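According to TrEMBL, the Cu cation binding site annotation covers B:123, B:128, B:163, B:164, B:172, B:177, B:318. The domain 'Cytochrome c' annotation in TrEMBL covers B:380-468. Positions annotated as signal peptide by TrEMBL: B:1-20.
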């Protein structure tokens with residue numbers, strides 16, 4: 001999938017911006033465990049094995065380096081199959097995002113294909129929905145803060161605030177695992193985003209006899225945690241892999257044990 | 001010769017009668033009644049006129065069923081729910097309620113739903129006028145920066161609610177994602193002089209009613225059904241003052257009234273009118289001479305009445321605390337000639353004291369929480385004072401302090417007010433009952449004591465004193481405090 005490193009070295013000599021700070025490339029360990037995803041029932045617990053996750057979402061600057069190195073992901077070169085019309089639509093050109101875009105703001109307007117390839121070129125991969133949700137249920141002090149009202153209200157507030165994609169990475173809180181910006185900047189692509197079946201008719205989904213959409217729990221959803229998560233699942237359900245969205249970015253993960261490559265291909 | 005004439009005559013007759021038949025059959029074809037509205041053919045294409053509340057598009061009149069293109073854009077944007085209180089609304093077409101859609105039975109509506117790229121969330125639309133799964137919700141689930149197109153045929157005439165049905169449904173509706181779609185019967189609704197679009201909704205904010213700043217949506221209050229605001233057309237005052245709807249004496253007014261909810265049922269009432277006609281729940285059933293009509297959440301009604309006398313009619317949800325304390329209050333200003341036969345105004349006034357005089361007081365807690373943000377400048381005092389005025393004083397003294405003749409004295413250019421500032425403070429603190437003379441006119445009414453903090457009393461009085469030609473006094477919290485202490489002595 002990734003072109004040879006030779007090419008990369010050739011370009012490296014020409015491009016100064018290639019050097020990204022160590023801070024931005026940093027990863028944080030997330031200790032695996034078992035959790036119950038969105039209003040599931042006891043039988044639907046999911047076990048997540050330990051993994052490392054990017055501390056920050058991928059930035060405009062980092063993605064620019066990527067497309068310089070891999071021209072097939074530039075706006076005018078990307079295969080039609082891998083993007084809709086709005087791929088990097090806010091960029092000034094193929095190899096420049098212009099002055100209006102913060103280099104350190106999260107990259108958005110990218111398709112799932114592009115995000116996936118980016119991670120692969122780093123020897124990483126996109127997180128699964130379960131990994132992402134597992135890491136994101138932490139607040140500053142607790143690994144699973146989903147029962148805290150303050151945590152949920154904060155997330156809901158963000159879902160309502162406009163144009164947060166313009167903020168710089170690291171401008172929200174550092175969570176229990178040492179990871180920033182899982183909530184508060186942009187939505188993030190996940191490897192298996194479309195494995196959750198949301199038809200768009202959420203009330204009908206409630207009746208579906210599936211583990212994720214256990215009717216009784218969803219109907220009686222007085223629990224704020226369900227609402228925040230529900231919105232993420234709804235968003236994922238509305239996407240296709242070739243879509244790009246102004247509020248949707250990504251970050252990568254790496255299995256803790258590098259030999260365990262069953263998902264990273 | 002003779003024969004020839006006869007022949008011509010016969011020919012003429014035949015021709016004439018066949019022409020008549022032709023004409024007749026044409027007319028008949030026009031009037032063809034379809035036993036099933038799904039069979040009405042939709043000829044030609046037309047782009048639907050969409051309007052922001054309180055206005056409605058042109059009536060369908062006698063137009064034939066058409067392919068009607070509805071272009072609707074979803075916008076998540078900040079607005080003001082009441083003075084100084086901002087809120088992020090999610091809207092169909094940039095307004096709450098969303099744009100009014102006007103169709104006739106048999107139309108084939110091609111619905112193009114666009115989700116603005118700056119939006120955060122996916123949305124969809126469920127139109128109660130649609131016959132089909134989810135009312136269109138299933139086919140219209142659209143991510144930000146995308147457009148979805150689906151079409152439906154309007155089979156049943158009536159006034160219908162539309163709303164977003166994306167998870168969490170309650171939150172999408174609570175943030176303002178609802179509106180009305182009208183399906184007129186063949187030939188249209190009967191003509192009236194004025195038509196308006198009004199929709200009630202309840203709002204749930206983190207801070208209490210009136211708390212300033214950008215207020216986030218409060219899910220827990222929504223679940224508990226504890227509304228902070230109940231309003232017409234998306235905000236307090238959307239239909240009052242300059243924004244009041246208008247009519248002239250003698251005109252017939254038709255209101256398309258919807259209720260988006262998410263939770264509360266509306267007891268829709270117009271103070272000073274009786275509905276001549278109510279299309280109950282927006283359907284075919286017409287009820288006459290109605291005082292208050294119930295509009296369910298996710299439902300609508302059409303009300304019609306002729307306005308006979310001039311004045312301001314007040315539109316309310318007659319669950320009355322919602323009207324005077326949470327914002328469900330609008331105005332219809334009627335201009336024209338008085339008609340003393342229909343309404344005389346006050347004829348005479350006398351004393352009635354069955355149990356001796358007494359002062360009415362409202363039960364109140366003695367401790368009033370101080371406002372969290374004290375005003376730092378005169379401009380802020382005016383701003384905060386106005387906010388308090390609009391919440392507390394506006395219902396009786398009205399937007400320009402003009403009061404209501406014979407009932408509530410004016411605050412504008414008021415000699416009574418300007419004469420004595422301590423008296424004015426006392427009235428706000430403790431209320432006032434009995435006869436007073438303001439600008440040469442007598443008023444005998446009751447004002448209840450107001451539960452406001454010293455800061456709020458100071459701001460609101462400063463606002464009143466510095467508006468509408470008054471004496472420009474500044475009232476400080478210390479002055480208010482000293483009046484409170486005075487009464488304790």
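Cβ from N, Cα, C; glycine included.
Ranking the binding-site residues B:164, B:177 by the number of CB atoms within 10 A of their own CB puts B:177 at the top. Secondary structure of the domain 'Cytochrome c' (B:380-468) per DSSP (helix as H, G, I; strand as E, B; remaining residues coil): 44 helix, 16 strand, 29 coil.
With a cut-off of 8 Å between CB atoms and residues at least 6 apart in sequence, the same chain places B:74, B:90, B:113, B:115, B:141, B:142, B:164, B:166, B:172, B:177 near residue B:123 (Cu cation binding site), listed in sequence order.
Less than 8 angstroms from the CB of residue B:318 (Cu cation binding site) sit B:267, B:268, B:269, B:292, each of them six or more residues away in the same chain. Note on the domain 'Cytochrome c' (B:380-468): mean pLDDT across this stretch is 87.
Comparing local CB density within 10 A for the binding-site residues B:128, B:172, the maximum falls on B:172. Classification of residue B:123 (Cu cation binding site) by DSSP places it within a strand. The Cβ of residue B:163 (Cu cation binding site) has 27 other Cβ atoms within 10 Å, all protein chains considered.
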